[in-house]
Amino acid sequence: MSASDRPSFYVTTAIAYPNGAPHIGHAYEYISTDALARFKRLDGFDVFFLTGTDEHGQKVQQAAKAAGVPEAEYAAGNSDVFERMDKALEISFDRFIRTTDSDHHAASVAIWERMAASGDIYLDTYAGWYSVRDEAFYTPEETTVLEDGTRISTDTKTPVEWTEESNYFFRLSNYQDKLLEFFERHPEFIAPSTRRNEIVSYVKAGLKDLSISRTTFDWGVPVPGDPAHVMYVWVDALTNYLTGAGFPDTNSESFQKFWPADVHIIGKDITRFHCVYWPAFLMSAGIELPKRVFVHGFLYNKGEKMSKSVGNVVDPMELVDTYGLDAVRFFLLREISYGQDGSYSHEAIVGRINSDLANEYGNLAQRCLKMVARDFGSAVPTPGEFTEEDTALLDRARGLLEKVRAEYDQQQLHLGLEHLWLTLGETNRYFSSQAPWTLAKSGTPEDVAREGTVLYVTMEVLRIVSILVQPVIPGAAGKILDLLGQTGREFADVATALEPGITLPEPEVVFPKYVEPKA
Ligand code: ME8
């Protein structure tokens, strides 16, 4: 099927501020979104996967100043670090967008002009408590004065400064009813439902107009017709999702194909921007709304918030060096319920490597393939008649695609893996109870034939599980499929049973156990 015949799927991550090095929370967002993108590609979709960096705004400008480097150079340098990390994590993005890209500039101007044409933008003076870290204004009631006299945002605990300026405002207050109506009609728009409930209550409490330009600094997209102002960084940042699809050329093939986005993947601290501001901007601009925003949780180091001062910020690349890429990808997606907060620790990662990957998956493949090599001249044995146990296990494996797909459709990545590992658990029990090594030892023609059937059934399950686990551990699953002599690796190939007689390569260990280095 050519790309144009396949159904489309457009998925995005948040675009990170390049004001520091990427951390494990960023890596988690990219890896999980990558699994969704890979799943859809293998399932026959024409996927567009967008990620990148959010280069404008005061936060990046201040970091550049502190580093003594011009903003553009600073942002570009740090964006490169993010892009390199994405590649090292095998993130299969189709575009790495930077908000300094020229097509993005054009898209930001275009959405502004559309919102202005709708009568939703006006100029007013504004005074309020501004948090640079949050890039947001707070009312006096939303702030607290600490004992030492500093004032902070009560909610986010970041310092705020009194700021007065003439700003452009967006008539967000006009969108309260429209948003509530939209949430009502599209209960699937915000997931998980706890996030949806939070947003619905927030909007019900009333919306104030939103300041959407700044004059106190200049690192941003100039407001069309009034270049003394730059756009509020979130106007420009959210618009990246449109730029990626080809906006402002709404007649382009890519826009027609990929907009509206199927799902925006974001972390829980930026839900309001994506579920309130973004849909309101789009309604105002007369552009269709994305189909869904899925909010993942935060990652903590042994349950503690990562912070530079505590010194527990983990460099994702260090984890990859220590445990291997597939182990890190697998751990993050298996251990943490997607949508909830999670924690990582050395012990937890090693536990997953040794039990789930080395024992239940790798060791099963290794034991089975070694017997095929030794007893069947490295050719896939021809199965005899299937027993009830054989059929039950084969049916279970053949039903996996549908089950896993249903979980991925709801972004329940951990449950997708759970189905696969329950089946591997069942297969390990089957393998032990059938004891093919005893059949081999007996050596009678019937027992050897039965051994061949048991090995065939086990390999068939391994083939299906390996095809379906590729989105999470593309490297290792690919290796096991190599060892099983398989070239058909798309989900459509699940239905074509393992062919007896094909010759297999020399078996090798794909998942070694993690052994603690000697002190
Ligand atoms: O928010 N665990 O950028 P950002 C999991 N530029 N996810 C985490 C995390 C953690 N500990 N810390 C951060 C921005 N994240 C904006 C986005 S989108 C139009 C603009 C997530 O670099 C966070 O929730 O602060 C967000 O989804 C992403 O990392 C980038 O965060």
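Glycine is treated like the rest: Cβ placed from N, Cα and C.
Features as listed in TrEMBL:
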- 9-142: domain 'Methionyl/Leucyl tRNA synthetase' (DOMAIN)
- 157-369: domain 'Methionyl/Leucyl tRNA synthetase' (DOMAIN)
- 380-514: domain 'Methionyl-tRNA synthetase anticodon-binding' (DOMAIN)
- 16-26: motif ''HIGH' region' (MOTIF)
- 305-309: motif ''KMSKS' region' (MOTIF)
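If one looks beyond the motif ''HIGH' region' (16-26) by at least 6 residues along the same chain, the residues whose Cβ comes under 8 Å of a Cβ in the stretch are 53-55, 57, 59-60, 62-63, 74-75, 77-79, 81-82, 85, 267, 298-299, 301, 306, 313-316, 319, 344.
Helix, strand and coil counts from DSSP across the domain 'Methionyl/Leucyl tRNA synthetase' (9-142) read 66 helix, 31 strand, 37 coil. As a whole-number mean, the pLDDT of the motif ''KMSKS' region' (305-309) in this prediction is 70. With helix defined as DSSP H, G or I and strand as E or B, the domain 'Methionyl-tRNA synthetase anticodon-binding' (380-514) counts 90 helix, 1 strand, 44 coil.
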